[in-house]
Amino acid sequence: MRSLANLQLSIQFFLLTLFFISSHAAIFEIRNECPYTVWAAASPGGGRRLDRGQSWTLNVAAGTAMARIWGRTNCNFDGSGRGHCQTGDCGGVLECKGWGVPPNTLAEYALNQYGNLDFIDISLVDGFNIPMDFSPTSGGCRGIRCTADINGQCPNELRTPGGCNNPCTVFKTNEYCCTNGYGSCGPTYFSRFFKDRCKDAYSYPQGDPSSTFTCPGGTNYRVVFCPIGSPRFPLEMVGSMNDE
């Protein structure tokens with residue numbers, strides 16, 4: 001009888017835990033303030049075209065991990081949702097099923113993890129294409145932003161149409177990709193270029209863990225492309241993206 005009672009208590013505790021976690025699902029508002037169209041992408045979540053001033057809201061399940069949001073630029077999709085983007089492309093589809101191709105500025109997150117905390121960061125490990133702000137709209141914790149003119153100041157070796165590549169994409173060596181395991185690489189001239197301009201962001205695969213920030217589980221968030229204070233983009237870029 002005692003074992004049965006213990007089993008019932010365990011089941012009740014498990015159900016209460018599930019209820020607690022499910023009640024802390026997060027709402028993400030993704031907003032485009034750029035003077036050009038951005039095709040927002042999310043894994044999980046899919047994708048959405050956002051003209052200037054438009055928003056897209058995602059409800060993300062508690063416990064979601066290894067998740068990311070990014071923007072794609074200069075895209076063309078047909079009526080079936082197939083096409084291509086100059087930056088951030090995810091397999092040639094509007095509704096992303098996987099991650100995007102560098103360069104792309106990333107908002108990364110894991111919800112309801114250790115201590116029921118959310119872990120969030122902005123990562124430039126995949127390079128940079130769009131200025132970004134990633135901030136809580138509840139929870140009383142701090143936000144992160146990367147709004148420097150990285151595309152305009154990008155080193156020649158990393159320049160690519162529409163963005164600034166990460167050095168791993170260009171050079172494909174352990175020095176930049178950290179492929180030989182933890183501790184096999186460190187900061188480089190190129191990672192310092194990104195870090196100097198966006199001090200809160202990750203700049204290489206084994207970067208300083210202080211670039212990860214925490215919020216209480218159940219916090220809601222907003223990701224803004226081209227937040228106030230972002231550099232102005234070349235008019236030819238704006239024009240090419242609006243001439244669709």
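First residue shown is number 1, and so on along the chain.
Using the three backbone atoms N, Cα and C, a Cβ is placed for every residue, glycine included.
Noted from TrEMBL: Cys90 is disulfide-bonded to Cys96, selected from Cys75, Cys96. Of the listed cysteines Cys164, Cys177, TrEMBL assigns the disulfide bond with Cys168 to Cys177. Within the same chain, residues at least six positions away from Cys146 (disulfide bond) with a Cβ under 8 Å of its Cβ are Thr105, Ile122, Leu124, Phe128, Pro131, Met132, Arg197, Cys198, Asp200, Ala201.
Within 10 Å of Cys178 (disulfide bond), counting CA to CA, the disulfide-bonded residues Cys85, Cys90, Cys141, Cys154, Cys168 contribute Cys168. When the disulfide-bonded residues Cys75, Cys90, Cys164, Cys177 are screened for a Cα within 10 A of the Cα of Cys141 (disulfide bond), none qualifies. For Cys154 (disulfide bond), the same-chain residues 6+ apart in sequence whose C-beta sits under 8 angstroms from its C-beta are Phe128, Gly163, Cys164, Asn165. Taking Cys34, Cys85, Cys90, Cys96 as the disulfide-bonded residues under consideration, the smallest Cα distance to Cys168 (disulfide bond) is found for Cys90.
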